[in-house]
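Copied from TrEMBL, the annotated features are:
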type: DOMAIN; residues: 29-263; note: domain 'G-protein coupled receptors family 1 profile'
type: TRANSMEM; residues: 17-37; note: transmembrane segment
type: TRANSMEM; residues: 49-71; note: transmembrane segment
type: TRANSMEM; residues: 91-110; note: transmembrane segment
type: TRANSMEM; residues: 131-156; note: transmembrane segment
type: TRANSMEM; residues: 176-200; note: transmembrane segment
type: TRANSMEM; residues: 242-266; note: transmembrane segment
type: TRANSMEM; residues: 278-300; note: transmembrane segment
């Protein structure tokens, strides 16, 4: 077997076997996360609101993004090659969910930066209302900003009697390659990294400025009262840990597919043999499967890194 044949068969089996498994495991993960995060002890926290939205988006993305690709690559069932409306809807929804997920994680990162600030006025800006308003605004923004997919996505004939739902050939394909890299890859990653490092810096600053206390924040004349290190070891601190792990998983899982798409665009003018095209397409599909790993492991990450999460799970199971 040639390399292209081997990779093609690997990608096919990855989606045929791994696709349904990931959808099942991921759906359970999202539902359990939602079940725990919506409990009274957690759901009023601004960061929790963002994580609830992320899990709703992840659950939707499995059935509107991964499932159609699994049917196409693994089982040769692709209605988007016969229905232009479905073809455009599939890409449109995929863009919105990907951008909205990244936006919610960025909002959660900003909230954790605010809540760990040494300035009381800045901490007060971390509110549930501001997070909800921001998420609604961003949702409407992405609904409008990604509407181009409803116009410029087509059923393209790549070979004799071989049709694929893809970007309209030409300038739009070039724009979308850089759109994926900048809007769904580089920019979200950069912003999450900046606010995550800022949050860590705030926590270290609090540790240096305050000695451990039992409960209440220390009040010193002439100094602004800030949260004690002990307060940051509560649910807020555990939510920070959950968020940082989510961001790290996002970067590891999302970036390969963005890089692969950008590489395909940069080398689009090079002459490639049939084998080379199959190899590149197979790598692209496998990277797309890897893209969804992050969406399906949230619950399993949370029970490993957050004691409050494990406590809520035990309370649910044994109550």
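Here the Cβ of each residue, glycine as well, is placed from N, Cα and C on the backbone.
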For the transmembrane segment (278-300), distant same-chain residues with Cβ under 8 A (at least six beyond the ends): 3-5, 7-8, 10-11, 14-15, 18-19, 22-23, 25-30, 32-33, 54-55, 58, 61-62, 65-66, 69, 73, 101, 246, 249-250, 252-254, 256-257, 259-261, 263-264, 272
Per-residue pLDDT averaged over the domain 'G-protein coupled receptors family 1 profile' (29-263), given as an integer: 84
